[in-house]
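Novice: I have a structure here, written as structure tokens, and I will follow up with some questions on it.
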Ligand code: SF4
């Protein structure tokens, strides 16, 4: 009998090559109450790291398919992912 689920390790193996591996996650996730210029600056800093990341594609796909509501993933902000899901629900 074949199984359709990926082995758990394969779902996460892309993270071994992540540019953010071992970094402080506060660059990618907003503190409570963050708004405006502070948020934009933090998201730009996170996006700059993602721009050099060899696994930004798998990371972004993971965030969309697993509906990660918070943080910058694959170079996309929370607002950008919400917008993408509204336009392309699948
Ligand atoms: S794309 Fe960004 S958030 Fe995703 S693994 Fe790479 S550096 Fe980390």
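For all residues, glycine too, the Cβ spot is worked out from N, Cα and C.
Look at TrEMBL and you will find 20, 50, 53, 59 tagged as [4Fe-4S] cluster binding site. Among the features that TrEMBL reports, domain '4Fe-4S Wbl-type' is placed at 19-83.
Give me the structural setting of these features: burial, nearby parts and distances.
Specialist: Around residue 53 ([4Fe-4S] cluster binding site), a 10 Å sphere centred on its CB holds 19 further CB atoms from the protein chains shown.
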Novice: For the recorded [4Fe-4S] cluster site formed by 20, 50, 53, 59, which further same-chain residues have Cβ atoms within 8 Å of the site's Cβ center?
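Specialist: Filtered neighbour residues, in order: 18, 19, 49, 55, 56, 73, 74, 75.
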Novice: Which residue counts does DSSP give the domain '4Fe-4S Wbl-type' (19-83) for helix, strand and coil?
Specialist: 35 helix, 2 strand, 28 coil
Novice: Fewest other Cβ atoms within 10 Å: which of the binding-site residues 20, 50, 59 wins that one? Let me know.
Specialist: 20
